[in-house]
Amino acid sequence: MPTLTKLYTMEEASQHNTKDDCWVVIDGKVYDVTPYLDEHPGGDDVVLAATGKDATDDFEDAGHSKSAKELMLNFCIGELDTSAPIIPELEIASKKETANYSRNLMDLTKQYWAVPVAIVGISVVAGFIYLRKK
């Protein structure tokens, strides 16, 4: 069934990710929210963080009111082209680095377990020698 609105790919929508040109994708629709950024109650950073991906979950999790959903209709510029390939969502680097850090720490612990054991062993022997001399 043909659609009357313009179709955009996720790649096209993700290119509009600045304060001067901001598009978000919610429920398969593309919204140009650039003029609303300064008025958004949560601040423009929240909206800018939702660009370049399907922001439906972010929008629903924020608990927007019925009037907010009605206001969105003013900013709708088209629909998401579902036949186009979807670009993968970017992973947050800090989560990945944290996982790598903890994995590296565990590897080091497994490799160098002898050092702390030797320190404890030497301390115990030194303690016994000290107590014997008394």
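Cβ coordinates are placed from backbone N, Cα and C, and glycine is handled just like the others.
For the domain 'Cytochrome b5 heme-binding' (5-81), the model's average pLDDT works out to 88. The domain 'Cytochrome b5 heme-binding' feature in TrEMBL is assigned to 5-81.
Feature annotation from TrEMBL assigns transmembrane segment to 112-131.
Long-range contacts of the transmembrane segment (112-131) within its own chain (CB-CB distance under 8 A, at least 6 residues past either end) are absent; none are counted.
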